[in-house]
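If you check TrEMBL, you get these features:
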type	residues	note
COMPBIAS	1-10	compositional bias 'Polar residues'
REGION	1-27	region 'Disordered'
COILED	33-87	coiled coil
BINDING	ASP64, ALA65, ASP66, TYR67, ASP68, SER114, LEU115, GLU144, ARG167, GLU204, LYS325, LYS349	NAD(+) binding site
ACT_SITE	LYS146	active site, N6-AMP-lysine intermediate
BINDING	CYS443, CYS446, CYS462, CYS468	Zn(2+) binding site
DOMAIN	727-811	domain 'BRCT'
Amino acid sequence: MTTESTNTDATAAEPAMAGPVADQVTETDVTETAGLAKRVHELTARIEELREQYYQQNASPVPDADYDAMVAELEEIEQAHPELAKEDSPTQHVGGAVDTTTFDAVEHLVRMYSLDNVFSIDELRTWFSRERHAVPEGTRWLTELKIDGLAVNLLYRDGHLVRAATRGDGTTGEDITPNVRTLEDVPQQLATEHPPQEVEIRGEVFFPIERFAELNAGLVESGQKPFANPRNAAAGSLRQKDSRVTARRPLRMLVHGIAAWTPADDSHPEPAAQSEVYETLRDWGLPISEYYRVCESAAEVEEFIEYYGENRHSVSHEIDGVVIKVDDIAAQEQLGYTSRAPRWAIAYKYPPEEVTTRLLDIQVQVGRTGRVTPFAVMEPVLVAGSTVERATLHNGYEVERKGVLIGDLVVIRKAGDVIPEVLGPVVDQRDGSERAFVMPTECPACGATLYEQKAGDKDRRCPNARSCPDQLVNRVIYLASRSALDIEALGEKAAYALTAPGEYDGVRNFDWDTDTGLAQRTGDEMRAPLTSEAFLFDLTPEDLEGLKTWQTVRADGDKRIELVPYFWTRPELYKTKAKKGEVRFPSRLRKNTETLFAELERAKQSPLWRILVALSIRHVGPAAAREIAAAFGSMEAVRSAPVDELAAIEGVGEVIAQSLHEWFDVDWHVEIVDRWLAAGVVMDDAVTGAAAGGASGAASGGAAAGAAGASAEGIEPEVADEVSEAAQAQTLAGLTIVATGSLELFTRDGIAEAIRAAGGTSPGSVSKKTDYLVAGANAGSKLTKAESLGVAVLDEEQFVALLKDGPTASE
């Protein structure tokens, strides 16, 4: 979504809408018009929803191209059918609502307009052709990079900064003056002896890319959530209640226009050209962009666009395209405005960014239910604001379809600016050293022969569910996740320490023969205290004493691998002045270990649905587990229920019912339930007083606690973080979303799990109450019904973007 401040008075002309009017109205015309009216209503609602979230939550959930396509479709319908255009249409205004609960609302002296977009050179040439007929011969064009930041309006009176505001809805913004005063780029007083009596100056606040990386590294190190991109970081930093927080963030501002101008006298008139505006702003001590050029022709503009399309990473800030403006301000005033954008300016949008990097290896990982997934290991490369070095390849068939070889130079992008995706190889860069990936026939963790669950299945699985170390550790991680028992102290490191000591921090792949000297090895044989999740609640602190994990440590400037006690501290020796000369303190439980046992005790009172999820029964995620627990109330009732009775539950069905029934037919599965019961785990909601929708007391975690664990089999690892974060932010709150067809990143239950965790509902059928349908391959009848009802249809990439930031607008 493009928004750009203009630098002249807001003498808005009426929107140019013209369309054919039929001389005769037929039944077909009426039907078509009714359908278009419905589409207008859908587009309007969706665009407004996106805008509200974008401006209020500083998030960008959908790719620019998706948002722009919706606006373009709405404009096309309104131009062809003026009778469907309304005064409050999103094509007639810009921006979003003002958050008056946090900031005071202030009115701009001159409206802050948006910009129209073009997405190809051909579209740009069409715009130039139209402009040339309306401007004097020899008109020049000011061309500049469009900063991907937060639009800000500065108001100076008699040279002094008196107010700074966000764009808001274009007419009214949020007063962020205290925060903007902390920016070193923004002068408190203009550097001129003859300032205007009053002047409004437009610009963008942004995060320099290099400083953004430093900020995120610091946030991660302190255990905080990093920002998704520099634009979100700028918006979040600038809209702080406490200006001291803003002051600690290295924000920058560049100004690009003058709006209102009230001169103090006639001796200092307004600039006559946009390029003169820049000179004036620079003379006043305001920061302007170095990335602009006054072009004499359309050909020069295209050269500018091409150059920065190839050199966009040489710029210190994120860019959102190129803005082209008529340089002459008198010509600007002659051209005027539509109701939302100036006719004298346009924004050219670059296509989605694709970069190349070297494919170093293709490795495989084993999930908690045995699915073996190949993933690409690449030379780290910056894509869409973050560094990427891994990307899923889904399965062996997908690797073959993409045609990539280990050692290839590959093209990658971020699908929806979120998911790293390998598009394919650069074939003409091959030198013969590349080699094909061979999908293993044996489990890399336990050596068991892999199998396909059914004929034609693209996934291979490890059958050794009970003893495969990778499956066990991932099941333990999952049962402790927020979607299950919510045991925060039982994270990835702790799970490895309990199930596979000596195999954490990448040491499994450590080359002891060639990298000797980096490691200090020990002859200690460590017994894994947890050989099955059945024994989880039988653990005692004594079981964990002496347990160590291999970790990368730094000492004396060197990096090496050492065995480090995880659950207990090392014995400590202190020198004293006493006769004995020293005091030895024994090892003791670490604080996180005390927390672990406290959380295990609390987890014994978890509601039944959480326990069902914790068992890692295939297809039984939080959504299905809630329904099953609500229907039966106790584990004993679930255990004895026939398949047809389970299948009759709303949201369960035959597949989940059969999977649940078969799970209880396995002896070591039943042992898990029996040992947990013996250890005091309550599996009856009538006893715990828990409702199926959540737990009581500390075990609840609320709606956000439904987030799927990072190793959920129904949710691919590369979107697990987005699912967890969405659960915390409740990005889908109030939305009804149905999924259909075959998806690459989610199983059927996995996507329902993700939707439910993020606050939405996921029924099994499409209705008028459905907000979105997520359609994968072979979508079938649900897609047909959704289209007939006018339900918005998303592909998987768009769903992940929606999940990430909610129904917000992107700029």
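First residue shown is number 1, and so on along the chain.
Cβ coordinates come from backbone N, Cα and C, glycine included.
Feature annotations (TrEMBL) mapped to structure.
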residue	record	DSSP class
ASP68	NAD(+) binding site	helix
LEU115	NAD(+) binding site	coil
LYS146	active site, N6-AMP-lysine intermediate	strand
ARG167	NAD(+) binding site	coil
LYS325	NAD(+) binding site	strand
CYS443	Zn(2+) binding site	coil
CYS462	Zn(2+) binding site	coil
CYS468	Zn(2+) binding site	coil
By Cα-Cα distance, the member of recorded positions ASP68, LEU115, LYS146, ARG167, LYS325 nearest CYS468 (Zn(2+) binding site): ASP68
Cα proximity to CYS446 (Zn(2+) binding site), best match among recorded positions ASP68, LYS146, ARG167, LYS325: ASP68
Among ASP68, LEU115, ARG167, LYS325, which are recorded as binding-site residues, the nearest neighbour of CYS443 (Zn(2+) binding site) by Cα: ASP68
Segment-level pLDDT (mean, integer) for the coiled coil (33-87): 72
Binding-site residues listed as LEU115, CYS443, CYS446, CYS462, least Cβ neighbours within 10 Å: CYS446
Fewest-neighbour residue among recorded positions, criterion Cβ within 10 Å, set LYS146, ARG167, LYS325: LYS146
Separation of alpha carbons, the residue listed as 'active site, N6-AMP-lysine intermediate' and ASP68 (NAD(+) binding site) (Å): 16
CYS443, CYS446, CYS462, CYS468 excluded, remaining Cβ within 8 Å of their centroid (Zn(2+)): VAL366, GLY370, PRO444, ALA445, GLY447, ALA448, PRO463, ASN464, SER467, PRO469, ASP470, GLN471
ASP68 (NAD(+) binding site) CB neighbourhood, other CB atoms within 10 A: 20
The domain 'BRCT' (727-811), counted residue by residue under DSSP: helix, strand, coil: 32 helix, 16 strand, 37 coil
Between LYS146 (active site, N6-AMP-lysine intermediate) and ARG167 (NAD(+) binding site): CA-CA distance (Å): 16
